[in-house]
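A.B. asks: Dropping the structure in here first, questions after.
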Amino acid sequence: MTTDTIVAQATAPGRGGVGIIRISGDKATDVAMAVLGHLPKPRYADYCDFKNASGQVIDQGIALFFKGPNSFTGEDVLELQGHGGQIVLDMLIKRVLEVEGIRIAKPGEFSEQAFMNDKLDLTQAEAIADLIDATSEQAAKSALQSLQGEFSKEVHELVDQVTHLRLYVEAAIDFPDEEVDFLSDGKIANALYKIIDKLSVVQASAKQGSIIREGMKVVIAGRPNAGKSSLLNALAGKESAIVTEIAGTTRDVLREHIHLDGMPLHIIDTAGLRDTTDTVEQIGIERAWNEINSADRVLFMVDGTTTDAVDPHDIWPDFIDRLPANLGVTVVRNKADLTGENLAMTEEKGYSVYRISAKTGLGVEELKQHLKSLMGYQSNLEGGFIARRRHLEALDVAASHLQLGKEQLEIYLAGELLAEELRMAQLALSEITGRFTSDDLLGKIFSSFCIGK
């Protein structure tokens, strides 16, 4: 870890009412003496002159000094809050850099220092960037929950439970005569099952948090002329796609990024799925399946004038059978203005079925509410947290090792192999909070932060 003292502008570049310069490190006190002529009382606002090396006043403002470790970074921190003109702030940074041993901070380096000094774990540090980058109220609330340690708490509890069970298993291994009795008495199995169940709950919450942060990818799929492009236009609120009566009008993937009450939604319109000899249409259909395979949700668009069926297995079994196993599907029966169907949503064998008219807008608002619900929208979000793709991947790895450990226990009563799977699960979970994380990953994470954060 570097011991350099760093400086950067903490407020956004450009013109503003207030501009803040942040200094962190051992030389922060030297900067205070050079620029202010004195060291402010820790944690007190001090109105004073900011001076250059000749004693001329550069600006006037508030100086705040935080004595380490009682600061955001865990080091001595000095903040100079002056007027927000960029020229003035640049002059002030230039003055600070005249003090020996000071350099400009790299992106995210203040947060990295806080992480290295155990002021934040990795999920909390990431939550700072997520809070700044939040594009909706839901995302901001969830990022704040993560910053306050909600996600970390869940992960730490899992790590503690896995560690405790691992120690119990390894203790049994140390007494080989009793090992089989230990492994078969049910206590280890029950503890393992509880951990797997808890991890499943955390995975579901993290998946929801990832959708809130990154948005949900929804693919509209179905046969040609079912009204897919009309639905895209209805959801987007504009004419994004060309709509005609000619089957196969859409031959490529069309994308729209919208917000439903602040929740980010990525809508993908695809070519109608059918057997065709048209080379261009075949390429479009291949791209459609690529989008479907990476979707968070599929809206299975059905022309209601062609079938009365509501169970997707009855409507088009080959399509449903080809979908990824865990991909959620919502059946959308279109052209309700022609069929006269009741617009009420129904559940059919685990599938939500909506009746709409993409052309007239009938039922589209109810479908939007459904999508918001899938994304975890709540008017008053409590207890949720934000998550990133790397968190989901780490949770998946941990779950995989726990399942392998379960097999070693139930089938082979293999204590050493169970202990190894528990160790691997522990490592995967610890990567989330940064307890065991490679330097390359840390560099990648913090380099995506703003300078000054």
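For all residues, glycine too, the Cβ spot is worked out from N, Cα and C.
Copying in the features that Swiss-Prot gives for the protein in this structure:
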BINDING   ARG22, GLU79, LYS119, LYS453  (6S)-5-formyl-5,6,7,8-tetrahydrofolate binding site
DOMAIN    215-376  domain 'TrmE-type G'
BINDING   225-230, 244-250, 269-272, 334-337  GTP binding site
BINDING   ASN225, THR244, ILE246, THR249  K(+) binding site
BINDING   SER229, THR250  Mg(2+) binding site
A.B. asks: Determine, to the nearest whole angstrom, how far the Cα atom of LYS228 (GTP binding site) is from the Cα atom of LYS119 ((6S)-5-formyl-5,6,7,8-tetrahydrofolate binding site).
C.D. replies: 50
A.B. asks: When the pLDDT values for the domain 'TrmE-type G' (215-376) are averaged, what is the result?
C.D. replies: 88
A.B. asks: What is the one among the binding-site residues ARG22, LYS119, LYS228, LYS335 whose Cβ has the most other Cβ atoms less than or equal to 10 Å away?
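C.D. replies: In terms of Cβ crowding, the pick is LYS228.
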A.B. asks: Any idea what the Cα distance is from SER229 (Mg(2+) binding site) over to LYS335 (GTP binding site), rounded to a whole Å?
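C.D. replies: If we compare the Cα positions of SER229 (Mg(2+) binding site) and LYS335 (GTP binding site), the gap is 13 Å.
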A.B. asks: How far is it from ARG22 ((6S)-5-formyl-5,6,7,8-tetrahydrofolate binding site) to ALA271 (GTP binding site), counting Cα to Cα, in Å?
C.D. replies: 53
A.B. asks: Rank the binding-site residues ASN225, SER229 by the number of other Cβ atoms within 10 Å of each Cβ and report the first-ranked residue.
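C.D. replies: Answer by Cβ density within 10 Å: SER229.
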A.B. asks: How many Å lie between the Cα of GLU79 ((6S)-5-formyl-5,6,7,8-tetrahydrofolate binding site) and the Cα of ALA271 (GTP binding site)?
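C.D. replies: About 56 Å separate the Cα atoms of these two residues.
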A.B. asks: May I ask for the distance between LYS119 ((6S)-5-formyl-5,6,7,8-tetrahydrofolate binding site) and ASN225 (GTP binding site), taken between their Cα atoms and rounded to an integer number of Å?
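C.D. replies: Roughly 57 Å, rounded to the nearest whole number.
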